[in-house]
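Take a look at the structure below.
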Amino acid sequence: MKKDVLSITDLSKEEIYELLESAMDLKEKRKAGEPTEYLKNKSLGMIFEKASTRTRVSFEVAMTDFGGHSLYLNSRDIQIGRGETIEDTARTLSGYLHGIMARVMSHETVEKLAKYSTIPVINALSDREHPCQILGDFMTIMEYKDKFEDLKFAWVGDGNNVCNSALLGSAIVGMEFAVACPKGYEPKPEFLEKAKSLGGKFTVTDDPKVAVKDADIIYTDVWVSMGDEAEQEKRLKEFATFQVNTELLGVAKPDVIVMHCLPARRGLEITDEVMDGPNSVIFEEAENRLHAQKALILKLMK
């Protein structure tokens with residue numbers, strides 16, 4: 001039976017641990033130059049409604065490493081962008097491909113793709129969640145901290161799609177989660193309620209120093225995401241005191257790791273000093289997107 005991953009909650013704690021173990025193994029094999037052609041003659045269709053650097057390159061490289069093939073399907077270049085229904089697109093692509101990855105504006109799009117396709121569908125970013133990002137993040141945390149339990153994960157900034165997945169993922173693996181957002185930018189109540197139902201321990205505050213106090217992980221993201229450009233001026237004012245800088249790091253544990261899903265707006269949500277400093281694991285985190293997604297593709301498509 002096919003499995004889709006549209007939310008981090010589509011994976012159990014056990015499945016997350018299995019994926020991270022697989023990702024670390026695949027990372028070692030890649031560094032050693034070992035062949036991993038596990039998906040020879042298999043094809044992954046990649047539907048993009050939003051521009052991307054890390055998502056596109058990492059998924060394409062993943063399929064190349066596996067001896068398979070990836071097809072970049074920009075929504076402007078296929079009929080889905082000219083009025084063909086998502087339902088018909090899903091059914092058609094199911095006859096050609098072995099998996100679909102979709103980076104979309106609306107979460108409803110990936111839900112429909114999953115419902116009407118007979119092949120696995122991966123959410124590579126929607127307006128609600130970004131499970132692939134969190135798998136790469138959790139791999140990075142495991143590499144640096146070797147555990148999830150007894151860790152405090154502090155999110156500073158917008159309670160956006162990545163924050164939603166981080167909140168829910170932390171609840172699944174047993175990390176304490178603290179989010180600091182300006183009033184009105186908190187994660188939506190449905191995500192907080194879901195985290196609670198998963199046994200999550202979390203706090204929501206509008207004071208970054210409260211969230212970051214004794215944190216093991218500090219995470220930030222852009223203040224103005226794709227689609228929010230009309231609010232740029234307003235957001236830059238409201239988020240001005242939510243910058244991850246040296247002063248804020250001083251409130252966390254000395255061995256805190258700093259994370260960012262990228263792309264970053266240096267000088268806004270994070271300073272150069274922190275991004276390029278000794279606590280930053282941001283570029284290892286970016287690399288781990290590749291390995292974590294390889295593990296996920298392999299689980300769903302092998």
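One is the number of the first residue shown, and numbering goes on along the chain from there.
Even glycines carry a Cβ here, placed using N, Cα and C.
Together with D221, S225, M226, Swiss-Prot lists one candidate of N74, N123, N161, N288 for binding L-ornithine, that being N161. Under the DSSP three-state reduction, M226 (L-ornithine binding site) is assigned to coil, being neither helix nor strand. With respect to Q79 (carbamoyl phosphate binding site), the closest of these binding-site residues in Cα terms is M226, chosen from N161, D221, S225, M226. The secondary structure of C261 (carbamoyl phosphate binding site), as reduced to three states from DSSP, is coil rather than helix or strand. The 10 Å shell around the Cβ of R289 (carbamoyl phosphate binding site) contains 26 further Cβ atoms across the protein chains shown.
For the pair formed by C132 (carbamoyl phosphate binding site) and S225 (L-ornithine binding site), distance between Cα atoms is given as 17 Å, rounded to the nearest Å. Of all the Cβ atoms in the protein chains shown, 26 others lie within 10 Å of the Cβ of D221 (L-ornithine binding site).
For the binding-site residues shown (R54, H130), fewest C-beta neighbours within 10 angstroms: R54.
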